[in-house]
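Undergrad: Here it is, the structure, as structure tokens.
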Amino acid sequence: MMKRLSSSDSVGGLISLCPTTSTDEQSPRRYGGREFQSMLEGYEEEEEAIVEERGHVGLSEKKRRLSINQVKALEKNFELENKLEPERKVKLAQELGLQPRQVAVWFQNRRARWKTKQLEKDYGVLKTQYDSLRHNFDSLRRDNESLLQEISKLKTKLNGGGGEEEEEENNAAVTTESDISVKEEEVSLPEKITEAPSSPPQFLEHSDGLNYRSFTDLRDLLPLKAAASSFAAAAGSSDSSDSSALLNEESSSNVTVAAPVTVPGGNFFQFVKMEQTEDHEDFLSGEEACEFFSDEQPPSLHWYSTVDHWN
């Protein structure tokens, strides 16, 4: 009996304790409703975070599932063609034992890496070209600056010594022009004034009186007063001696030859042949002969203008 009572007492005690615990758990008012709800919400959020972490780990584990052989096969297919078509995607997935989505993602990532590598290569090539062009540009600019400095120096030299050179050139030009003008005058004077005749004028050797033609030729020889004056200034003494010698020879002989009469220019000589007979000794006196060959006055031969008198 005692055992039964003890057992009943223990069971009763347990029964009495159980509802109390259940009532404590079921009565949230004892700890406050708001605090309990906040605790529950925090617990749920922690569980969701743990699930998400486990999901990420599972994805990473799925990514790591590609073997080395699968990667090599995908690389070969990528080298053949980097674009993936749907039929090809399914075929590769079946051959490699992967999902089509995994194959598509791998190709997408591989294309991105390939583009970045290509951009890096292109950037390196362009950078080298830019550096070379920059170097060439700098060298050309330095050369240009040096050439400009040389040009400025040459300009200063030309401007500094240009006056003396111009003066020398002007003086040389003036001297050459003067020499040319003098030569032209020397050449033009003999051509305009006198020309050397091919043969002396023809005179009548045998005649009883003075030859009219000799006087006309003599008149033509001295047409200009200026020529006579210049001739007198140049050779006055020589002509006077020639005229005196001519008069002396006339008195000694019947046939006389006059001294050469020179005209300015030095290239023309005219000989006048005169013949005088005894009947005309008084016709030409000494004064008239001197006046005829005089250098101071031009000849005035008005007395032989009538043709009938001499004929």
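Using the three backbone atoms N, Cα and C, a Cβ is placed for every residue, glycine included.
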Undergrad: Using Swiss-Prot as the reference, determine which range in 59-118, 179-238 is annotated DNA-binding region.
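TA: Going through 59-118, 179-238 one by one, Swiss-Prot flags 59-118 as DNA-binding region.
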Undergrad: Tell me, what is the mean pLDDT of the DNA-binding region (59-118)?
TA: 83
Undergrad: What counts of helix, strand and coil residues does DSSP assign across the DNA-binding region (59-118)?
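TA: Here the numbers are 48 helix, 0 strand, 12 coil.
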